[in-house]
Amino acid sequence: MTEKINLLNLSEPELQGFIASQGQPLYRATQLLQWIHQRGVTDFSLMTDLSKPFRQQLSEASFVRVPELALERVSADGTHKWLFRLADNNKIETVFIPDRKRGTLCVSSQVGCALNCSFCATGKEGFNRNLTLAEIIGQVWLAARLLKSPYKITNVVMMGMGEPLLNYEAVVAAMHLMMHDHAYGLSKYRVTLSTSGVIPAMRRLREESPVSLAVSLHAPNDALRNVLIPLNKKYSLDQLIPLCRDYYSRGSKRCVTFEYVMIEGMNDRLIDAKRLIRLLADVPCKINLIPFNSFQGTAYRCSTESAISVFQKCLMDAGFNTRVRRTRGDDIAGACGQLAGQFHDRTGRHQRWVQKQGHDFNRPIPAIDH
């Protein structure tokens with residue numbers, strides 16, 4: 001007996017292939033996209049513009065399954081955080097951040113993260129596995145149905161648990177559905193992928209997906225970035241910055257956004273701002289300064305308001321479009337850097353994955369004078 005297929009786990013071309021295998025015309029794929037993503041219907045018997053024989057055929061060959069809601073918390077500032085349970089009992093977190101007329105959904109791409117960035121809570125939990133397409137787009141599907149008026153998803157950022165470009169195929173397929181007119185219909189300007197700088201995948205993304213790009217920079221030189229983002233030892237700034245400079249075509253109004261977490265005494269001094277100005281001198285970009293969010297076990301502290309203000313002014317005086325991304329949802333552990341998955345890596349998957357990459361991102365790093 002042929003195993004049933006989760007239609008939520010199919011990209012548009014794969015869905016068309018499935019429809020063809022059922023002897024149906026391709027426009028049925030469009031109808032299914034609309035029923036599943038726009039109307040949120042998962043019961044084939046309710047898809048009334050499909051013939052009864054085809055609905056029966058679908059129920060025998062396929063199903064639609066999204067992650068389960070395990071926990072919901074709502075912050076005083078309107079931020080929503082959901083803990084979703086996957087079929088294998090792993091859990092991921094998704095956050096919705098309302099802001100005036102904008103509603104941004106922060107989506108996870110992996111269970112945990114292997115990069116072990118020293119300022120991020122998620123990395124401390126280790127890496128378990130990549131999410132499937134169904135588990136990524138399922139977060140959007142669920143959030144759209146869980147949110148109550150007046151909240152609405154206008155933007156999606158791939159900034160949740162995990163490094164999106166280390167789960168390339170599933171992430172790009174999910175973003176395509178986010179932008180698809182018959183699914184979620186978001187503009188390419190409203191879907192953003194954030195990466196720590198996986199250079200080969202960034203080059204591929206530039207050619208294959210029109211989404212907006214954000215880069216987790218967080219340091220003005222390699223010495224400090226090696227401490228904050230160990231991936232930098234593999235893909236250093238002399239590779240990353242030229243790619244960011246040329247990521248969008250000349251004359252384009254689009255530019256890369258750099259994210260820079262503000263950590264007291266680590267990367268928030270005036271000399272750090274001046275080094276950052278030199279580093280990005282010829283790079284069309286925007287800069288988001290992110291106050292560090294503390295988590296259990298970290299020795300880092302957030303920069304003071306005055307230090308952040310001085311840092312921002314220095315960058316703006318040099319001509320950089322710079323804003324401070326204010327902390328949201330910190331009363332429910334939903335702010336950036338606090339997306340620690342509630343699981344324990346008992347299987348050794350994390351170390352096996354790291355070894356497969358040929359680089360030990362978790363090797364202890366000696367103290368340096370940056």
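Yeah, the Cβs are placed from backbone N, Cα and C, and that goes for glycine too.
Copied over from Swiss-Prot, here are the features:
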- E93: active site, proton acceptor (ACT_SITE)
- C336: active site, S-methylcysteine intermediate (ACT_SITE)
- C113, C117, C120: [4Fe-4S] cluster binding site (BINDING)
- G162, E163, S194, S216, L217, H218, N293: S-adenosyl-L-methionine binding site (BINDING)
- C106-C336: disulfide bond (DISULFID)
- 99-331: domain 'Radical SAM core' (DOMAIN)
Check the Cα-Cα distances from E163 (S-adenosyl-L-methionine binding site) to the recorded positions E93, C106, C113, C120 and tell me which is shortest.
C113
C120 ([4Fe-4S] cluster binding site): which of the binding-site residues G162, S216, H218, N293 is the nearest Cα neighbour?
N293
Which ones in the same chain are close to L217 (S-adenosyl-L-methionine binding site), with CB under 8 Å and 6+ residues apart in sequence?
R225, F258, E259, Y260
Going by C-alpha distance, which of the recorded positions E93, C106, C113, C117 is nearest to S216 (S-adenosyl-L-methionine binding site)?
C117
Output, ordered by sequence, the same-chain residues six or more apart from H218 (S-adenosyl-L-methionine binding site) with a CB under 8 Å from its CB, or 'none'.
C117, F119, R225, L228, I229, E259, Y260, V261, N267
S216 (S-adenosyl-L-methionine binding site), number of other Cβ atoms within 10 Å:
24
Which number gives the other C-beta atoms within 10 angstroms of the C-beta of C120 ([4Fe-4S] cluster binding site), all protein chains shown included?
27
Listed recorded positions are E93, C113, N293; which of them have CA atoms within 10 A of the CA of C106 (disulfide bond)?
E93
Given the recorded positions E93, G162, S194, N293, tell me which ones have a C-alpha lying within 10 Å of the C-alpha of C113 ([4Fe-4S] cluster binding site).
G162
Listed in sequence order, residues with CB under 8 A of S194 (S-adenosyl-L-methionine binding site) and six or more positions away:
V157, M158, M159, P164, A214, V215, S216, E259
Diameter of the S-adenosyl-L-methionine binding set by C-alpha atoms, the set being G162, E163, S194, S216, L217, H218, N293, in angstrom:
19
